[in-house]
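Peer 1: This is the structure, below, for whatever I ask next.
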Amino acid sequence: MGLTSQLIPMLVCLLACTSNFVHGHKCDVTLQEIIKTLNILTAKKNLCMELPVEDVFATTKNTTEKETFCRAGTVLRHIYRHHKCFNQPLSGLHRNLSSMANMTCSVNEAKKSTLKDFLERLKMIMKEKYSKC
């Protein structure tokens, strides 16, 4: 009985520490995958990179990080569904951003940018987030 009472706090601590490690590691892996995909895409020279997309990064006032990720994912989904450009990597980016945002949203931006500029900006945001992870 005495051994059990000594083990309980140790097991609770072990579970808490393991949980923090696993969640931190998931953040790192997801961000690494996003950054790697963005590096590959932004290096490509393709007409698709000149497509106009909604500039969801222009309005950062009163926008949470999760909302930004959600809106960026929505833009990517629109591109790979309607323009058939970079379907596999863009759908992977959309999936990862959606898992980070964990919400649904719509995009109605008047301001536009090119897909290339959009991806470059997203890459910069993800690298900044990774440096804090």
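Here the Cβ of each residue, glycine as well, is placed from N, Cα and C on the backbone.
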Peer 1: Say which of C13, C85, C105 is recorded by Swiss-Prot as the disulfide partner for C48.
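Peer 2: Looking through C13, C85, C105, the record in Swiss-Prot gives C85 as the partner of C48.
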Peer 1: From the list C27, C105, which cysteine is recorded by Swiss-Prot as disulfide-linked to C70?
Peer 2: C105
Peer 1: Which one of the disulfide-bonded residues (C48, C70, C85, C133) has its C-beta surrounded by the most other C-beta atoms within 10 angstroms?
Peer 2: C70
Peer 1: Check C70 (disulfide bond) against DSSP and tell me helix, strand or coil, would you?
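Peer 2: Looking at the DSSP assignment, C70 (disulfide bond) belongs to a helix.
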Peer 1: So among N62, N96, C133, all listed as recorded positions, which is physically nearest to C48 (disulfide bond)? Use the C-alpha atoms.
Peer 2: N96
Peer 1: Just checking, which of N62, N96 (glycosylation sites) has the fewest C-beta atoms within 10 Å of its C-beta?
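Peer 2: Among the glycosylation sites N62, N96, the lowest count of other Cβ atoms within 10 Å belongs to N62.
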